[in-house]
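Over in Swiss-Prot, the protein carries these features:
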type    : residues              : note
DOMAIN  : 8-268                 : domain 'tr-type G'
BINDING : 17-24, 85-89, 139-142 : GTP binding site
Amino acid sequence: MTLQEEIKKRRTFAIISHPDAGKTTITEQLLYFGGEIREAGTVKGKKTGNFAKSDWMDIEKQRGISVTSSVMQFDYDGKRVNILDTPGHEDFSEDTYRTLMAVDAAVMVIDSAKGIEAQTKKLFEVVKHRNIPVFTFMNKLDRDGREPLDLLEELEEILGIASYPMNWPIGMGKSFEGLYDLYNERLELYKGEERFATLAEGDQLFASNPFYEQVKEDIELLSEAGNEFSEEAILEGKLTPVFFGSALTNFGVQTFLETFLKFAPEPHGHKKTDGEVVEPLSPDFSGFVFKIQANMDPRHRDRIAFVRIVSGEFERGMSVNLPRTSKSAKLSNVTQFMAESRENVTNAVAGDIIGVYDTGTYQVGDTLTVGKNKFEFEPLPTFTPEIFMKVSAKNVMKQKSFHKGIEQLVQEGAIQLYTNYQTGEYMLGAVGQLQFEVFKHRMENEYNAEVVMNPMGKKTVRWISPDDLDERMSSSRNILAKDRFDQPVFLFENDFALRWFADKYPDVKLEEKM
């Protein structure tokens, strides 16, 4: 198979949702169809101990939430599928946003009983900004939920995206009978031994079923007033195909997968800092680090840099340029993933996600190139933290473990580190409280370093140029610090303190991140 043919087989997507909409469950079902797991059952399993395949970190298993992005790969129907299962919890939106830079499409999972929720809306905005295709899975049809027409209306009114239903539920909850498959013009049956029936057979099966009559009325209404199906509009991110189903009972998931793979885009190009796009079929290898994860195997205390291959082909042992440091690195120990299990990989192509063992060489956002190519891709989004805590080692004898843990967790992008210019104190910044809890848990369990954390409350953060730096600017209301890249930054007590500073030092430019 040629390189071009291999690249065209790739389908790389992220699954986004509000917490508890069923994102991890549908991930398990997709892996089941891909032959990667033998059974897919109730995913959370807090009481039973049946943990989700993609929730591998200890704290995720304890709390039943996804706090890191898992990467999984399988083959199905002639396609090589790369799934990125993103954190649903809002405190981990940084990791999710960066992950969304590494995919070509997104699957949006919505709880049909609740409709569009806050986190779904946030994540959709990021996807919309990138103009990548969105495929919607309306989940939990095995329970009573909202009317299907209301759910479609919500997509258009709240998210501002046109929708096209690929299938339509026949009843729901205890009265759920199956799906009327508009795209394939057939019925998918929830009960009985047969999976599918023709529309003519459906008229006989559900002759006296009031829900079936309602379905036919809804479909007639949609054919007259609904949006037209357009593959072009889907690929441009202007139209979302909507699939109904139940991930928990594995109903409608396989149909979704098969249809998704038919319409999901091939790998796309990526912009360099000069605005030029590097295309997947370019023969020279290039990629970027979108995530770093420490301790995926606690026995070995390892670090993995997750790389999205943008162009060309990876071959084991190849040397790459790291433009940020002007140095080169050899890619000899590289893996691909199925959540916590992994295997060595000898080659991979544009669209694939690979894991590079990292001894501290890489940072999130790094570009990897080969030969004389030493360009950089556009930077990944960075986020301004909102709440802060001072942190120190509880046991002075554990300073080495303490510093190693902080260094690795900060490089992951899981939390941000600031150092007080005058006192040298460490301060952690996060977008939500859960990040601090996870940091503390991981420091104690993965690095054997207990920590003392003292709240500093909310701060307004602004960066300044090193040329404008004057330590006399610092006060109790605006703490002068440096970030992990040694860039000077002020932590203002509130917006009033920020305005006061701006008035006093009008020539100092204050910069804000996302």
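Cβ coordinates are placed from backbone N, Cα and C, and glycine is handled just like the others.
What you see is a predicted model, and the numbers here were worked out from it, not measured in a lab.
Taking the binding-site residues Ser17, Thr86 in turn, the residue surrounded by the fewest other Cβ atoms inside 10 Å of its Cβ turns out to be Ser17. Of all Cβ atoms in the protein chains displayed, 30 besides its own lie within 10 Å of the Cβ of Lys23 (GTP binding site). Classification of Asp20 (GTP binding site) by DSSP places it in coil, neither helical nor stranded. Using a 10 Å Cβ-Cβ cutoff, Leu141 (GTP binding site) registers 27 neighbours.
All protein chains shown were included, and the count of other CB atoms within 10 Å of the CB of Asp20 (GTP binding site) stands at 17.
Taken as a whole, the domain 'tr-type G' (8-268) shows an average pLDDT of 86 in this prediction.
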